[in-house]
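As structure tokens, the structure follows; a few thoughts come after it.
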Amino acid sequence: MLVAMTTASYVTILVTLLFHILTINAKTVTKRAKETNLEDDEPQYWRGRFAKDVVPQFWKGRFSDPQFWKGRFSDPQFWKGRFSSHGNKRRYVPGRYGREFQGRFGREFQGRFGREQGRFGREEDQGRFGREEDQGRFGREEQGRFGREEDQGRFGREEDQGRFGREEDQGRFGREEEQGRFGREEDQGRFGREEEQGRFGREEDQGRFGREEDQGRFGREEEQGRFGKRDEDQGRFGKREDQGRFGKRDEDQGRFGKRDEDQGRFGKREDQGRFGKREDQGRFGRELLAKLNKRTTSIQEDPQTRFRDVQMTRRNVAKKDKIEESNDEEANKS
């Protein structure tokens, strides 16, 4: 009797398990069939928000939030496009709702999806992610980059810090009121004390490399010129009144020596040719001289050449007078 009851209980348990398995399998098959035939109750998000053959599921997910649907299908039909012909008659007439007073989509007091709103709400009382009047970038308006604005600077409190510390008592690397670039400001210059030094020493008694009041560029100013004594007794490289460019003054020298009346290009003018004495030289002297004389003779017969020579002579005379005047002015200055 006991064996029969045990066998019956085992059979009952086995049948129950088999029924549950079949029921679960049937539900799965039914669900798959519904998904295949698009008969399930889930909103078909993959079809797109505005699919015509899908009814919005107000009772599921975020669609139950009325704020989500606010402005989407209400009176201003923004989904028609910004430049739809709807409302153009009123848009272009002057008056309160004229084109010069309207916003992006119509009236002057509306924003993108409603009246005077910002990105996610009404414009007049929100900022980027909340209310404008009391928030900053990530919170309230009275804060700075990483905290409250009125009591912080870049990395701390603004009113009592500078770049890396307190503002009112530091400079770039220390205290501002008593330092310069690398030390105290009121009693130093660039590399020392300001009131008693110049660039490399004391200011009131030095020049560039020494004392200012008694030196020139490289020595004493009142008694030297560029490289030595002052201009009244030297020229460019020596005494001015008795030298020329490289030696004695112009009245007794030429370009490289004595003046033009007794030298040529590289020596005496009246007794040399191009590379030597003119009257006794050959291929580069006599022949050239002969050609030059022949060419000069033929040119002299041309009236235009004579006019040009007169002009050149006048120009040379004017140039010579100007040079002499400049030399006289330099002599007077010295």
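Don't overthink the numbers, they just go from 1 along the chain as shown.
Cβ coordinates are placed from backbone N, Cα and C, and glycine is handled just like the others.
Screening Phe113, Phe200 against Swiss-Prot annotations picks out Phe200 (annotated as phenylalanine amide). Comparing Phe101, Phe284, Phe307 with the features listed in Swiss-Prot, the residue bearing the annotation phenylalanine amide is Phe284. Look at the compositional bias 'Basic and acidic residues' (303-334): DSSP puts its residues at 31 helix, 0 strand, 1 coil.
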